[in-house]
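Participant: To start, I am sharing the structure in question, which I have written as structure tokens.
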Amino acid sequence: MNPVIKKFQFGQSTVTLETGRIARQASGAVLVTVDDDVSVLVTVVGAKQADPGKGFFPLSVHYQEKTYAAGKIPGGFFKREGRPSEKETLTSRLIDRPIRPLFPEGFMNEVQVVCTVVSTSKKTDPDIAAMIGTSAALAISGIPFDGPIGAARVAFHESTGYLLNPTYEQQAASSLDMVVAGTSDAVLMVESEAKELTEDQMLGAVLFAHDEFQVVINAVKELAAEAAKPTWTWAPAPEATELLAAIRSEFGEAISQAYTITIKADRYARLGELRDQVVAKLSGEEGQPSAADVKAAFGEIEYRTVRENIVNGKPRIDGRDTRTVRPLNIEVGVLPKTHGSALFTRGETQALVVATLGTARDAQLLDTLEGEKKDPFMLHYNFPPFSVGECGRMGGAGRREIGHGRLARRSVSAMLPAADVFPYTIRVVSEITESNGSSSMASVCGASLALMDAGVPMKAPVAGIAMGLVKEGEKFAVLTDILGDEDHLGDMDFKVAGTAKGVTALQMDIKIKGITEEIMEIALGQALEARLNILGQMNQIIGQSRTELSANAPTMIAMKIDTDKIRDVIGKGGATIRAICEETKASIDIEDDGSIKIFGETKEAAEAARQRVLGITAEAEIGKIYVGKVERIVDFGAFVNILPGKDGLVHISMLSDARVEKVTDILKEGQEVEVLVLDVDNRGRIKLSIKDVAAAKASGV
């Protein structure tokens with residue numbers, strides 16, 4: 001086919017969609033170019049046949065940033081790109097979330113999306129271009145997909161309002177970083193962090209983005225009209241109405257009763273018994289459905305039972321109404337040797353969160369397309385299998401753990417002190433020890449508590465809450481503090497974190513169409529009510545940061561020296577600073593402007609290092625008495641060391657009021673003596689006196 005190109009204006013940028021020139025053997029391939037800044041190649045391949053052994057939709061999204069795109073060669077021994085970075089993993093999730101619900105229910109063919117950043121000027125983030133390209137590639141692929149989608153990034157400034165698709169520079173000055181994706185009539189995904197914006201401002205940003213990305217959807221439709229392949233012939237399997245009716249008739253009441261058991265493990269055990277009974281009764285005989293089909297039908301009855309109960313106003317699975325937060329149990333300082341710790345329990349969800357303070361050298365080094373930079377704040381989330389009572393794989397963090405950790409990080413980062421106020425590197429680790437819904441928001445609450453327990457001067461405490469939705473026709477119910485089952489069986493996962501003043505993070509994933517502005521308003525309102533409730537209970541335990549750091553935390557001393565003294569502190573080949581660090585057991589970081597940060601495992605170590613630096617950088621003061629060591633004796637006097645690297649001359653005439661024939665009659669090398677600084681000339685030479693010390697002391701020097 002001949003290349004097809006579509007151009008359109010999107011905010012302050014011109015976007016070009018091109019297909020038919022590159023990657024023509026893929027089901028769909030689109031090269032997206034934004035101005036001359038970013039080019040992303042997006043390919044989509046769909047398997048023509050489903051794998052009968054997979055009981056789920058095998059969609060995979062891979063976003064990758066090639067270093068050649070920015071004119072760089074990878075570091076390391078092999079000089080090629082390795083495992084996905086955290087940024088690549090997070091962007092892959094960002095693309096996956098809005099497209100997954102648009103594939104038809106029951107579609108089980110494998111689909112793989114690969115987004116490759118092939119060129120960038122390092123001015124803007126390529127993620128929006130990748131999302132637009134994914135929408136376009138799916139639209140022309142012929143794969144069953146109820147799109148296209150649009151996507152946009154929104155920034156906000158009090159004076160100028162909302163800004164579409166900001167550059168990195170514009171984003172740095174913004175109080176909001178929000179990515180929104182959706183179809184022409186519905187929002188499907190929101191990912192954001194903010195600096196205490198109001199609920200109305202956050203909702204306004206979502207609606208602003210939805211209006212603005214309609215131009216993307218229209219452009220993709222125009223591209224598909226010219227370049228799309230024929231849509232696959234695919235139809236869902238017919239609904240097993242007889243099987244569903246049989247299960248509901250004989251086991252419906254028992255299933256409904258099982259969902260009144262409030263303890264998760266007991267509920268799952270009872271449902272497991274019922275599932276086994278249903279499979280034993282309705283499968284296995286000739287002419288009966290397979291066990292897999294019966295289990296699927298049983299799951300459908302579970303789905304309908306829970307949803308019908310909720311929209312009809314019945315109590316939720318654990319007996320709560322739609323607005324109640326589960327009981328909280330909050331502890332701080334639970335681990336005696338850590339710098340700060342908290343145990344946050346909400347119902348059957350529990351997070352053990354630990355804060356650790358380190359030096360500037362402990363900051364995470366990030367090698368990105370934009371260049372190397374250091375991140376002084378890390379938040380890591382771990383979800384071991386025992387937290388849900390299962391055996392499972394133990395190892396490195398998966399995509400879900402990276403995503404949840406980043407959400408928790410977004411939630412608290414705006415409330416951390418500035419680096420010039422608190423120059424420590426901070427690492428927070430959230431260990432999920434129990435899970436039944438919203439462990440990421442438990443991590444937010446636990447992180448805020450642990451940081452305050454560690455003495456990090458937080459601007460305000462932060463709490464988070466997960467909201468859910470069940471919508472059947474015109475009926476709907478917004479749920480506060482959802483359980484794991486309500487997340488799985490519901491239509492929305494809506495997480496809000498913030499302070500008493502405003503929102504610091506908002507994440508939303510919608511599984512259905514038709515989420516209205518009214519529903520989002522209600523969800524934000526209920527989330528605010530719940531957040532204030534949780535903050536109130538947190539404040540009863542610890543309402544503000546401790547005034548002193550933990551005794552286990554390193555001591556930091558900040559000081560500043562003249563820039564021309566930096567080389568004296570460092571010494572030849574770093575010998576001086578290395579000796580100070582080795583002898584005092586402290587670490588020293590020196591900036592080009594003369595700023596020095598000294599970190600010691602103890603206060604004594606840090607102070608010892610500070611005194612050494614002061615000694616090197618101090619200047620001899622005229623009229624001040626020093627205790628010095630005689631370094632060298634000459635015929636006309638003696639050279640006395642009064643400060644590190646600074647010797648002064650005591651002339652023979654300044655040794656004593658009496659006449660001195662030989663200097664060695666008064667002094668010997670290595671002797672400690674008191675000397676008075678008489679003068680420092682313009683070449684830095686120091687003139688000393690011994691005979692004037694007594695008079696200077698008498699005058700009060």
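Glycine residues also receive a Cβ, built from the backbone N, Cα and C atoms like all the rest.
Here Swiss-Prot flags D487, D493 as Mg(2+) binding site. Taken from Swiss-Prot, the feature domain 'KH' applies to 554-613. Positions annotated as domain 'S1 motif' by Swiss-Prot, on the basis of sequence analysis: 623-691.
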Participant: Which one of these binding-site residues, D487, D493, has the sparsest Cβ neighbourhood, judged by other Cβ atoms within 10 angstroms?
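Facilitator: Each of the binding-site residues D487, D493 was scored by Cβ atoms within 10 Å; lowest is D487.
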Participant: Treating G and I as helix alongside H, and B as strand alongside E, what does DSSP give for the domain 'S1 motif' (623-691) in helix, strand and coil?
Facilitator: 6 helix, 36 strand, 27 coil
Participant: What does DSSP say about D493 (Mg(2+) binding site): helix, strand or coil?
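Facilitator: Looking at the DSSP assignment, D493 (Mg(2+) binding site) belongs to a strand.
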Participant: Does DSSP give D487 (Mg(2+) binding site) helix, strand or coil?
Facilitator: helix
